[in-house]
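> If you look up TrEMBL, you'll see 34-57, 66-83, 117-138, 145-169, 229-250, 256-277, 340-359, 365-387, 408-437, 443-470, 482-509, 529-551 marked as transmembrane segment.
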């Protein structure tokens, strides 16, 4: 029987796994990264402790609700990939590193063998995800090993579906792709609008009997609306493929029917993998045909190519030279090329944060407070992962950036200028809408305008500092990437909680300071002014320190070892 992987590629997998584990351990024990390594270990310990406590002490979820939500989450995850490729056409369906292109593509391997090698890498990370998920869901799994198998096959199908979406999107002709984009976008927008309207109505009804902030009530209402939709006929039809895996996860006993379910899900994974291999062959043929027929590109492709041609761009002498010159301009050009994807990333935080402004049953002051809280939360949560127009997309160009005749701090500021400016512009636009719809006091308006830029500087400096400490290629896959991402995500959550705790403590302290300074000057006795100035200074100081740390790390970075 022919093995799944070519023996030489299997040996390569073993060597790479061993090397990556050693590299990961070496990076965590490096003297310059010792503090971050200790912090990562503490966060991992906290995460594992919370997971163990959750497994040991929490009660199991309601089986019916658990089935609905598991099916919904898997379906939404798969649907996101479909929406992603319909909104922004991927540059390539299968990502290969420069080293893989140099050594594997020129070696005597068939395309199908190389594709199996890539699928093995993807599904290896899926195994770790499924194992962690099964541990967290132990109280809800009647048979743990079946639960793990159901999770693994479900996540594997989604990963393979992601590759299928990329292959189809990059292989379709322009007319067919535009038709697919229009159909999926319109359908998704219609469904999202209907769910949003239902969530708003439920929020309006629930708000009269709840004291929670509006955006918290909105989140709860949205979850309730989503759960209800997946019990309707359209929801059941859309989620039917994922229901097979969830039923296997919740199987209470081992029977002949269980064996049939196991065989079915494994057959689905194998069939999807076979589909990926066949689609890849079709994709290569389509791309090759288009490259050979490049002179006959249709008008839309020529327009897109000319729009992205750098010869038609001119570097504004004043603005961009002040912000970092060609380094900032290069990131801005990348932003322009991915403008549709950025627009898609800005829509969710804009809608979610603006909803309280259009709820007439709440007062203007409460609406503005909920709006600012939601804007801060959703910006912090959603935008940094989308605005990767900085060091995080320049893994392969770190050595070139270090060769620039500029000090490290200027290179860092030039790299993060584009995401900071775009995020700030988005926030200021939302604040302008809020001021027009609900009105804002001059003091609060000024505080918002001054606070968001320094907050964005701190956030993107933090993101780039972490990247420079543990550099990884954009869209890189593997176990070490998953583990590192988990630790960083946990760190962000703890940092967000610590910030709120410190703000609460400062609110208490600022009141005492204001009462003591009231006799010195009337303005100094205003607690809001003392609180706002203290928060702004803290955020600005954090941004400055993080930027300096990122510059220092960039200066010491050995790009040849990345």
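Backbone N, Cα and C atoms are what each Cβ position is placed from, and that goes for glycine too.
Thinking about packing and proximity, how do these listed features fit into the structure?
Taking Cβ pairs closer than 8 Å, the transmembrane segment (145-169) reaches residues 74, 77-78, 81-82, 84-86, 89-90, 92-94, 119, 122-123, 126-127, 129-131, 133-134, 137-138, 177, 180, 241-242, 245-251, 258, 262, 265-266, 268-269, 272-273, 275-276, 279-280, 282-283 in its own chain, all 6 or more past its ends.
Long-range contacts of the transmembrane segment (256-277) within its own chain (CB-CB distance under 8 A, at least 6 residues past either end) are made by residues 112, 115-116, 119, 146, 149-150, 153-154, 156-157, 160-161, 163-164, 167, 244-245, 247-248.
Remote same-chain partners of the transmembrane segment (340-359), defined as residues 6 or more beyond its termini with a Cβ less than 8 Å from a stretch Cβ, comprise 84, 87-88, 196, 200, 203-204, 207, 214-215, 218, 366-368, 370-371, 374-375, 378-379, 382-383, 386-387, 422, 426, 430, 433-434, 437-438.
Same-chain residues lying 6 or more positions outside the transmembrane segment (365-387) and placing a CB less than 8 Å from one of its CB atoms are 213-215, 341-342, 345-346, 348-349, 352-357, 359, 418-419, 422-423, 426-427, 430-431, 434, 438, 440, 444, 448, 455-456, 459-460, 463, 496.
Counting same-chain residues at least six beyond the ends of the transmembrane segment (443-470), those with a Cβ under 8 angstroms from any Cβ of the stretch are 27, 33, 36, 368, 372, 376, 379-380, 384, 387, 390-392, 412, 415-416, 419-420, 423-424, 427-428, 431, 435, 484, 488, 528-529, 532, 535-536, 539-540, 542-543, 546-547, 549-550, 553-554, 557.
Long-range contacts of the transmembrane segment (529-551) within its own chain (CB-CB distance under 8 A, at least 6 residues past either end) are made by residues 407-409, 411-413, 416, 443, 447, 450-451, 454-455, 457-458, 461-462, 464-465, 468, 502-503, 506-507, 510, 513-514, 517, 523.
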> For the transmembrane segment (66-83), could you work out the same-chain residues 6 or more beyond its ends whose Cβ comes under 8 Å from its Cβ atoms?
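Distant Cβ neighbours of the transmembrane segment (66-83) are 60, 140, 154-155, 157-158, 161-162, 165, 184-185, 188, 226-227, 230-231, 238-239, 242-243, 245-247, 249-250.
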